[in-house]
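Encoded as C-alpha cells, here's the structure I'll be asking about.
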Amino acid sequence: MSRGDSMLRFEIKDRDAAGRIGKLEVNGKKIETPAIMPVVNPKQLIVEPKELKRMGFDIIITNSYIIYKDKKLREKALEKGIHRLLDYDGIIEVDSGSFQLMRYGKVEVTNREIVEFQHKIGVDIGTFLDIPTPPDAPREKAEQDLKITLERAKEAESIKQIPMNATVQGSTYLDLRKLAARKLSEMNFEIHPIGAVVPLLESYRFKDVVDIVIASKMGLRPDRPVHLFGAGHPMVFALAVAMGVDLFDSASYALYAKDDRYLTPQGTKRLEELEYFSCSCPVCSKYTPQELREMPKEEREKLLALHNLWVIREEINRVKQAIKEGELWRLVDERARAHPKLYAAYKRLLEYYHYLEEYEPITKKSAFFKISEESLKWPIARRAKERAEKVKAKFPESIPHPIFGEIPKYLSLTYPFAQSESEEDFQIEKPTRENAILYIMAIAEYQFGEGAGEAFRDAEVEIAKTGMPRQVKKNGKRLATVRAEDGLLTLGIEGAKRLHELLPYPVMRVVVNKEAEPFARKGKDVFAKFVEFADPKIRPYDEVLIVNENDELLATGQALLSGREMVLFSSGRAVKTRRGVEEKK
C-alpha cells in the first residue's frame with residue numbers, strides 16, 4: 001500500500017486504545033474527530049442546521065437521494081447548492097440512497113447519476129450507491145451484493161470529483177468484510193464507512209458489531225477515517241472509538257424525540273417514566289419532566305431533540321477527554337456495564353489483542369487502574385506482562401506485584417508496574433548505587449528489545465535526592481534520562497548512537513527520505529509524508545532511531561504513530577524529534 005493523492009487531509013493529534021483524536025480537513029473546513037454528524041432530513045427539519053452549527057456540530061449528514069427524488073428540492077439544490085439550501089456553512093456529507101435500498105429494496109437512480117448529482121450540488125463528502133446486505137443474509141446474496149458494490153466503487157472512483165465515502169459491506173460474513181475493506185483500500189477514496197450495522201445495533205447485537213468493525217479495520221488502511229454508519233446512540237461511542245471509529249451519524253436524536261424518548265449515555269428512557277432530569281443541558285436546566293410532558297407535541301419534540309443532541313455532543317467530548325488522559329479503556333469499562341449485551345461486546349473486543357496492541361501507546365499520562373478483571377486484559381497490561389517475561393530471562397531476580405504477579409525487580413520503577421493502582425499497594429524498590437545500572441539495562445531491554453541493555457552496561461547512573469535514577473552518562477556525555485513520570489528512558493544522541501550500533505536493522509528505525517534528512521539532523525520533527533520505511537514493531541510513544549536510507553543515524557525522538565501508520569499517513573507528525581546529530585546544544 002502506498003500513499004494516495006487525497007482531496008481530504010486527516011492526521012492524528014492524540015490517541016488511546018485504537019481510538020484517535022484527529023484533524024480532518026476538507027474544502028478548507030476543519031473538524032476534530034471523533035465527531036458526530038446529526039442526520040438532517042431536508043423535508044423535516046426538527047432542528048435547523050444553523051442551530052446545529054451554533055451547538056458545535058461542524059459536520060452534518062443528509063440524504064442526496066431524498067433531495068434528488070423531490071423535484072422542488074432537486075431544482076433548489078442545483079440552483080443554490082446544498083449549503084445554501086440547508087443554510088449551513090459547515091461540512092456536509094451525504095448518503096446516496098443505500099439506506100432506502102436496504103429498507104425498501106429499490107431506489108430510482110443509478111450509481112453514476114447520484115455521484116454526479118452530489119458533485120453538482122456542491123457536497124463536501126459524497127457516497128456512491130453501494131448495496132447494503134442485511135445481517136444473516138444467505139452467503140450467496142452477500143457475495144453478489146459485494147460484487148456489485150465493488151463494481152460501483154470502481155465506477156465512482158473513475159468519475160468522482162469530490163472526496164467520497166467507500167462503504168465496507170459484506171453482511172455478517174467477516175471474511176467478506178475484510179475482503180471489501182482491502183479492495184476499497186486499494187482505490188482512491190477518502191473515508192470508509194462500515195455499513196448495514198443498524199439492524200444489529202437496533203437488536204443489541206453489539207458483539208456482532210465488534211466482529212464486523214474489527215474485521216473491516218483489519219482490512220482498511222489506518223490513514224483513512226472510519227465512519228460507523230447509523231451508530232448514533234451515546235452508549236456505544238466509547239466502545240466504537242476504542243475500536244478505531246472516527247465518525248458517527250445520528251438520526252436517533254430526532255427519531256427518539258418523536259417517540260418521547262430521552263437519551264442518556266447509559267441508554268434510553270421514556271419521558272413518562274422520569275420524575276427528575278439528571279442532565280444539566282440547557283433544556284433539562286430549564287424544564288422539569290412534568291413540564292415537558294404538558295407541552296404541545298411539536299414543542300416537546302423539539303426540546304427533546306435538543307436534549308438528545310446535547311447528550312450526544314457531551315459523550316463525544318467525554319470520549320475525547322478520556323483519550324487525552326489515557327483513560328479510554330476505563331470509560332469503555334464503565335459504559336459497558338450499562339447493558340449485558342454491551343458488556344459482552346466489550347469482552348469480545350478484548351479478544352482482539354493483536355489488532356489492538358499495534359495502536360496501544362507504550363506509555364500513558366494516567367496510572368494503570370485495576371478496576372475490573374477485564375482491565376487485566378487491556379492491551380497495555382498484556383503487553384507489559386509479555387515484555388516483563390522476556391526481561392525476566394536475563395534479569396531473573398523478581399518481586400511480587402499485586403496486579404502483574406512476579407515481575408523483574410529492576411522494572412519496579414517502570415510503567416505500568418510502578419504507576420498502577422489496585423486494592424493492595426505496591427512498594428517500589430529504589431536502586432542503590434551498586435545496582436542502579438541493572439535497572440537501566442532492564443528498562444532498556446523492556447523498552448527497546450533483547451540485547452538493548454548492553455548499550456548501557458558501562459554507564460554511570462546519577463541518583464536524584466528522591467532516591468530515583470535520573471541521568472545516565474558516560475564520560476560526562478548523556479546517554480539517556482529516566483523519566484520521572486513513567487520510569488522509561490528518553491535517549492540522548494550518545495545513547496541513540498550506542499543503540500544504533502547494537503540493534504540490527506530495522507529494529508526501532510524510522511527511515512526518512514533525502515528531503516527530510518537535513519531537517520532531522522538538526523532536530524526538526526519528522527512528518528509522515530517523508531517516512532520511507534519504519535519498523536512495523538514500533539508502537540505509539542516509543543523512543544525511536546531516525547535514520548536515512550543508508551541506515552545512518554540522524555536523530556532520536558518519540559514516535560507519535562505506529563510503524564505501519566508512519567508509512568501510510570501523508571499528513572501530520574510521525575516523530576517528535578528530541579535530538580539531532582547536528583543539533584546545537
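Using the three backbone atoms N, Cα and C, a Cβ is placed for every residue, glycine included.
Okay, so Swiss-Prot annotates it like this:
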- Asp95: active site, nucleophile (ACT_SITE)
- Asp130, Ala196: substrate binding site (BINDING)
- Cys279, Cys281, Cys284: Zn(2+) binding site (BINDING)
- 507-582: domain 'PUA' (DOMAIN)
Among Asp95, Asp130, Ala196, these being the recorded positions, pick the one whose CA is nearest to that of Cys281 (Zn(2+) binding site).
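Comparing Cα positions, the candidate nearest Cys281 (Zn(2+) binding site) turns out to be Asp95.
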Relative to the Cα of Ala196 (substrate binding site), which of the recorded positions Asp95, Cys279, Cys284 has the closest Cα?
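Nearest candidate: Asp95.
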Using a 10 Å radius around its CB, how many other CB atoms surround Cys284 (Zn(2+) binding site)?
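Excluding its own Cβ, the number within 10 Å is 21.
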Counting only other Cβ atoms and using a 10 Å cut-off, which of the binding-site residues Ala196, Cys279 scores lowest?
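Among the binding-site residues Ala196, Cys279, the sparsest Cβ neighbourhood within 10 Å belongs to Cys279.
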Inside 10 Å of the Cβ of Asp130 (substrate binding site), count up the other Cβ atoms and send me the figure.
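That number is 30.
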Tally every other Cβ atom lying within 10 Å of the Cβ atom of Cys281 (Zn(2+) binding site).
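For Cys281 (Zn(2+) binding site), the 10 Å Cβ neighbour count is 16.
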Please count the residues of the domain 'PUA' (507-582) that DSSP assigns to helix (H, G, I), strand (E, B) and coil.
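Within the domain 'PUA' (507-582) the tally stands at 14 helix, 30 strand, 32 coil.
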Counting across all protein chains present, how many other Cβ atoms fall within 10 Å of the Cβ of Asp95 (active site, nucleophile)?
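There are 27 of them.
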